[in-house]
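Structure record follows, encoded as structure tokens.
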Amino acid sequence: MEALTILNWVLDGLLGVSLFSLAWLALASPDIFKAIVLFISFGLLMALAWVRLNAPDVALAEAAIGAGLTGALLLAAFARLEDISIGASDGEEVQSHIQHDSNEEPK
Amino acid sequence: MERSRWLLPLLLMLCLGLGYTVLSMPEPVEGLPEMLVDNMEVAGVSNPVTAVLLNFRGYDTLLEMGVLLVALLGVWSLGGIPDYRESSPGLVLDIMSRQLVPVLILVAGYLLWVGADAPGGAFQAGSLLGAAGVLLLLCGWRIGNRCSGLPLRFLLILGLGMFVVAGTGLLLIGGEFLQYPSPVARELILMIEAAATLSIGATLAAMFLGSLPGGADK
């Protein structure tokens with residue numbers, strides 16, 4: 001029993017630390033694609049955290065909407081941004097616009 | 001340089017606003033869980049989360065459905081978003097989606113049904129339907145022109161519409177807005193949830209597509 005409690009603490013601690021580090025990495029990453037992937041993995045870990053907090057309803061919603069569909073929407077937007085930058089003649093400038101916009105995009 | 005001069009006061013204002021909001025938050029009401037437990041028998045469902053979302057605070061959920069609809073309208077009103085590049089989905093995605101989409105639809109139905117008594121419900125089921133739609137869209141499937149007009153729009157407003165119709169119907173027979181009489185509460189909630197599930201799934205998939213379906217072909 002005692003060992004199980006300690007294991008739970010270790011698990012929760014790991015979960016919390018990785019959540020914070022994933023969140024920071026996602027925000028600080030200059031590469032948009034990497035940031036999106038990190039955001040999706042953040043959502044999945046967040047779902048685990050909700051399970052640990054005994055909120056399975058929220059965990060289901062987080063996994064399905066937060067990680068799954070938001071991730072898909074972000075990736076879709078990213079694909080379109082790439083399309084635009086390929087289509088434009090001066091791809092360099094558009095790329096910098098994209099980088100700039102991504103910093104202000106609310107998540 | 002110009003930007004950084006304004007940034008600091010703006011950030012300070014934001015911090016002050018946030019701090020004020022956090023400090024002036026109302027005290028959490030005591031005894032809400034007990035109140036919920038005491039009223040569970042009139043809720044019509046045995047899952048407390050569903051009872052709160054669809055019955056006791058049904059108005060919030062109604063507005064949430066409205067927010068989803070407005071979000072989709074916002075995406076559509078951007079207009080002129082190019083469709084995805086034509087690309088063949090590849091063998092893996094093609095076969096996987098053939099296997100996965102029926103399973104996703106089945107699980108969505110299960111989550112909707114089980115939401116009355118266990119974790120689950122309209123939003124989870126709807127987002128699974130949405131995910132199935134996203135998979136299909138990724139495989140190159142597009143909604144036919146015949147269905148992209150009225151039928152699609154009907155599906156999109158079905159959830160909000162059912163909510164409003166149920167609420168207004170209750171008003172007409174002499175009740176309060178969205179205050180379900182407890183003998184039929186379960187059926188009403190299931191009906192609203194089923195409609196909401198379809199709408200949420202359609203809305204999310206349409207959001208993924210981005211452009212107004214059918215409009216690009218004209």
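Cβ coordinates are placed from backbone N, Cα and C, and glycine is handled just like the others.
Annotations in TrEMBL come from automatic prediction, not curation.
Noted in TrEMBL for the protein shown:
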type     : residues  : note
DOMAIN   : B:92-185  : domain 'Na+/H+ antiporter MnhB subunit-related protein'
TRANSMEM : B:62-79   : transmembrane segment
TRANSMEM : B:100-116 : transmembrane segment
TRANSMEM : B:122-141 : transmembrane segment
TRANSMEM : B:153-173 : transmembrane segment
TRANSMEM : B:188-209 : transmembrane segment
Item checked: Sequence-remote partners of the transmembrane segment (B:100-116) [C-beta within less than 8 Å, at least six residues beyond its ends] -> 45-47, 50, 122, 124-126, 128-129, 131-132, 135-136, 186, 189-190, 193-194, 197, 201
Check: When the domain 'Na+/H+ antiporter MnhB subunit-related protein' (B:92-185) is classified with DSSP, how many of its residues are helical, how many are strand and how many are coil?
Finding: 67 helix, 0 strand, 27 coil
Notebook entry, point to check: Which bits of the chain, at least 6 residues beyond where the transmembrane segment (B:188-209) starts or stops, bring a Cβ under 8 A of a Cβ in it?
Noted result: 44-45, 50, 54-55, 61, 65, 68-69, 71-72, 75-76, 83, 108, 112-113, 115-116, 121-123, 125-134, 136-137, 142, 152, 155-163, 166, 180
Item checked: Averaged pLDDT score, the domain 'Na+/H+ antiporter MnhB subunit-related protein' (B:92-185) -> 85
